[in-house]
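Enquirer: Here's the feature list from Swiss-Prot:
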type: BINDING; residues: GLY40, ASN176, ARG366; note: L-aspartate binding site
type: MOD_RES; residues: LYS236; note: N6-(pyridoxal phosphate)lysine
Amino acid sequence: MREKRKYFIAERVLLIKRSKIRELFERASKMEDVISLGIGEPDFDTPKNIKEAAKRALDEGWTHYTPNAGIPELREAVVEYYKKFYGIDIEVENVIITAGAYEGTYLAFESLLERGDEVIIPDPAFVSYAEDAKVAEAKPVRIPLREENNFLPDPNELLEKISKNTRMIVINYPNNPTGATLDKELAKTIADIAEDYNIYILSDEPYEHFIYEDAKHYPMIKFAPENTILANSFSKTFAMTGWRLGFVVAPSQVIKEMTKLHAYVIGNVASFVQIAGIEALRSEESWKAVEEMKKEYNERRKIVVKRLKNMPGIKVKEPKGAFYVFPNISGTGMSSEKFSEWLLEKARVVVIPGTAFGRMGEGYVRISYATSKEKLIEAMNRIEKALEGEK
């Protein structure tokens, strides 16, 4: 279509930066024999019982609107889930069903932040947080996550970042992109800080079931229920990224206000998808599949870490969560972006530059092991060969 006129675009949209991850994927899509270690989604298919539940729901007529906050039975299933897995008591009024954790975090930013508010966001961090803050006309304030501190926030630095304008702290553990996990003591410390300063915690927890070795997950609603907005998703846990199903757990007053915005943004999540969500949470078959996925991820994690440790110019801190490794590549003498571009051209392997997640990501790349062992081994062979050739 030939366009003759210049179109007006809202300034808040123009402020949003295009993801560097997508740019790299587009380049890779034009090349042959590329192995992608960049994708942030499970390579597994959704468990069969969940798919069958969606099919039955369609046949049973679940093709109409639902209550904006979600089908009551699914909200009840979320309540049961937190009691069963964590011993945490919440009410149905504390839950809204969303189009993935993406919408959940968006609703949190839009419902709770105003122009001039400050939101403390880790650096590096998942790409959407800073952009969501801009759309909400809030100011992102970055707090560094350092390798020497296991990619965890320093409580003293957190206190230094808090001002009279601070409205929210964002945390995400198990972490994307670093694979770090949050220990109980630090989780409680962050909760105490939020309560002392009357600040919201937006805790994004979609990788909660993919933790390894001695790591444990502690939902932030356990420590600061009155201050925490917990965003979660079926996408990673049950390999349901394309279904767009998630939820938020928060104080009932916050959920009530979020639901008003949610009603005008999407109305409700597709009804048959919500029925599948009930099956996912309540079926033992679903949880057996999750355990199988976790076992496979752990085996892949070990393969990648072991191989990277023996490569020239690479240092790696062993991650205990999610499905990412965040190796330090500064020993290669290349920047994160240069290394990622070089690796794509030289080895036909996609990794994500750490700077896609913030300034503190310089000197690192994100590697996803959410792909088959065969592809991972071949990718490691290619990376090692390319690095050996640079020595």
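A Cβ is built for glycine as well, from the same backbone N, Cα and C atoms used for every other residue.
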Enquirer: Rounded to the nearest angstrom, how far is the Cα of LYS236 (N6-(pyridoxal phosphate)lysine) from the Cα of ASN176 (L-aspartate binding site)?
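Expert: Cα-Cα distance, ASN176 (L-aspartate binding site) to LYS236 (N6-(pyridoxal phosphate)lysine): 12 Å.
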Enquirer: According to DSSP, does ARG366 (L-aspartate binding site) sit in a helix, a strand, or coil?
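Expert: Assignment for ARG366 (L-aspartate binding site) reads strand.
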Enquirer: How long is the line from the C-alpha of GLY40 (L-aspartate binding site) to the C-alpha of LYS236 (N6-(pyridoxal phosphate)lysine), rounded to the nearest angstrom?
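Expert: About 9 Å separate the Cα atoms of these two residues.
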Enquirer: Taking only same-chain residues 6+ apart in sequence, whose CB is under 8 Å from that of ARG366 (L-aspartate binding site), what do you get?
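Expert: For ARG366 (L-aspartate binding site), the qualifying residues are GLY38, PRO177, TYR324, VAL325, PHE326, VAL351, ILE352, GLY354, ALA356, PHE357.
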Enquirer: Given the recorded L-aspartate site (GLY40, ASN176, ARG366), which additional residues of the same chain have their Cβ within 8 Å of the Cβ centre, ordered by sequence?
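Expert: What remains near the Cβ centre is PHE126, PRO177, ALA322, TYR324, ILE352, PHE357, SER368.
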Enquirer: Can you name the residues of this chain that are 6 or more positions from LYS236 (N6-(pyridoxal phosphate)lysine) yet have a C-beta less than 8 Å from its C-beta?
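Expert: LYS236 (N6-(pyridoxal phosphate)lysine) has long-range Cβ partners GLU41, PRO42, PRO206, TYR207, HIS209, PHE210.
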Enquirer: Compare all C-alpha positions of GLY40, ASN176, ARG366, the record's L-aspartate binders, and send over the largest distance in angstrom.
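Expert: For the residues that bind L-aspartate, the greatest Cα distance is 10 Å.
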